[in-house]
Amino acid sequence: MYASREDIGYDFGDDSKVGSKPIKPNPNIDGGWAWMIVLSSFLVHILIMGSQMALGILNMEWLEEFNQSRGLTAWVSSLSMGITLIVGPFIGLFISMCGCRKTAIIGGILNALGWILSAYASDVHYLFLTFGVTAGVGSGMVYLPAVVMVGQYFQKRRALAQGLSTTGTGFGAFLMTALLKYLCTEFGWRNAMFIQGAISLNLCVCGALMRPLSPKDVSEKYVVRGNAEENQAKALSHSAETIKSNGVLSEAPEKKEEATNEEVLDSVQHIEIGGKSRSGQNMYGLRILKTVSQLTVTVRKGFAIWYSSYFGAASLFTNRVFVAFIIWALFAYSSFVIPFIHLPEIVKQYNLSSQNNIFPLTSIIAIVHIFGKVILGIISDLPCISTWNVFLMANFTLVTCILTLPLMQTYASLAVVCALIGFSSGYFSLMPVVTEDLVGTKHLANAYGIIICANGISALLGPPFAGWIYDITHKYDFSFYISGLLYMVGIIFLFIQPCIQKKQRREKSTVEAQV
């Protein structure tokens, strides 16, 4: 394991903007409007991730209504969760073109539409399209901007800010479980989904709060980062050598393209000025032409940034630790999602429904999850503690709980394991921080999009796999064992790769010293 950023051998040139000239920090960085961004992200996590964690209630209603197998019915919840995360890389393209605020507002409308249309479902396959795809894509368009904006507004308190904002998942799981249970009992599941769709329109308000930082604000954030890391100059210069060997994003083509685009817009403006003597109809046409030209420039520039991050000379995939992070993400999320989807059925199987109705096990996970995110965030922000090490320890704890959960057959023992699952899964608040440490703020949107896409594949396949295993064996035990072992493989990748890279760097330094 390693204890600091320089041991990773990462970064894609963000710190190249660091200057030695001291300037007054912008009040919006680590303060001011930054806390409104945290509030917005907190509400997004309640409405999106919290609702998805409560889908076990609707899953039981769908099993009763449509009389389909558990494996097939579980695909509805899995599609919604999976697509929310899988679309991450493509949402990164939207963010590059039109920004976080517009992307989130459009996503809020789409998510609400998916919930409302699902109220009229005639079979499970209808729900695949309306709830799984439509609501899932809408959720993804809000979720990624909510995470990215917190990363942009915070530098010194990143882990704490992400921890506070993502506690919305725990609050949401607790609140939405109770809300959906009440709505389904009082009004039926169809009306419950219609009401939830209306509530989801508040995502548009959350998106409106995502005020973008100006380029000046962003540059000041880089300067703050540089001043805080002057004592690591030697290590960072070594990292810079590593980056150059992997290739650097070329800014010359971007500047050339920007110059070309400005020439196009200037020509349109000259045409418009010359057309003032013409009729109003011609002026209207010129304004449309100018708007289309500006839109084309924005799309081309956004696509160029998005494409270079994935397939350019300094592709994110040249960072080996980041690749190991992706492999981990492919196995990790299903181990957390499976208990939420199938715990109600497990409780029913063990005849613990009466105790679970008093205090649901999913609510225990949700409540402790809140404290886990905040506490792990506070610990990670301590100067003597490595965020990476905290992240790994939480993962080891979670996989141990997943493997032992099938052995617990009493409510008390299940409650203890669920509490540990809730606390250790608080590492989710550290994922954006670890990602930013690996690739830098500039590439956070695209990099985190890849990570949540891998998580989405895991969430998409996990619950149906557990349902399929149950249909064969009439037990959930093997589902937890297999998913836990795969999760362990991902953690081993995450643990070994940085050690290998650190060892190679030391050997290279030794050879250079001898020469």
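Sequential numbering from 1, following the chain as shown.
Every residue, even glycine, has its Cβ placed from backbone N, Cα and C.
Predicted automatically and left uncurated, TrEMBL annotations should be read as such.
Listed features, source TrEMBL:
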TRANSMEM  33-55  transmembrane segment
DOMAIN    37-502  domain 'Major facilitator superfamily (MFS) profile'
TRANSMEM  75-96  transmembrane segment
TRANSMEM  103-121  transmembrane segment
TRANSMEM  127-148  transmembrane segment
TRANSMEM  160-180  transmembrane segment
TRANSMEM  192-210  transmembrane segment
TRANSMEM  321-343  transmembrane segment
TRANSMEM  358-376  transmembrane segment
TRANSMEM  388-408  transmembrane segment
TRANSMEM  414-435  transmembrane segment
TRANSMEM  447-466  transmembrane segment
TRANSMEM  478-496  transmembrane segment
* Give the one range among 103-121, 160-180, 192-210, 414-435 whose Cβ atoms make the most pairs under 8 Å with those of the transmembrane segment (33-55). => 160-180
* Could you give the residue numbers and ranges of same-chain residues that sit at least 6 residues beyond the transmembrane segment (478-496) on either side and whose C-beta is under 8 angstroms from one of its C-beta atoms? => 1, 324-325, 327-332, 334-335, 338, 342, 392, 395-396, 398-399, 402-403, 405-406, 462, 465-466, 469-470
* Take every residue in the domain 'Major facilitator superfamily (MFS) profile' (37-502), average their pLDDT values, and give the whole-number result. => 77
* Structure fact -> Long-range Cβ contacts under 8 Å made by the transmembrane segment (414-435), restricted to residues 6 or more beyond its ends, are 147-148, 150-151, 158-159, 162-163, 165-167, 169-170, 325, 336, 339, 343, 347, 352, 359, 361-362, 364-369, 371-377, 380, 387-388, 390-391, 394-395, 397-398, 401-402, 404-405, 408, 444, 447-448, 451
* Counting only pairs at least 6 apart in sequence, do the transmembrane segment (447-466) and the transmembrane segment (321-343) share 3+ Cβ pairs under 8 Å? -> yes
* Asked: Under 8 Å, at least three CB pairs between the transmembrane segment (75-96) and the transmembrane segment (321-343) (pairs 6 or more apart)?
  -> yes
* Can at least 3 Cβ pairs under 8 A be found between the transmembrane segment (388-408) and the transmembrane segment (321-343), with each pair 6 or more apart in sequence? -> yes
* Remote residues contacting the transmembrane segment (321-343) - C-beta distance under 8 A, at least 6 residues beyond either end -> 8-10, 53, 55-56, 59, 74, 77-78, 81, 85, 173, 361-362, 365, 395, 398-399, 402, 405, 418, 421, 425, 434-435, 438-439, 447, 450-452, 454-459, 461-463, 465-467, 470, 476, 479-480, 483-484, 486-487, 489-491, 493-494, 496-498, 501
* Asked: What else in the chain is close to the transmembrane segment (160-180), if you only count residues 6 or more beyond its ends and a Cβ gap under 8 Å?
  -> 34, 38, 41-51, 53-54, 56-58, 146-147, 150-151, 153-154, 192, 196, 340, 360, 362-363, 365-370, 372-378, 381, 422, 426, 428-430, 432-433
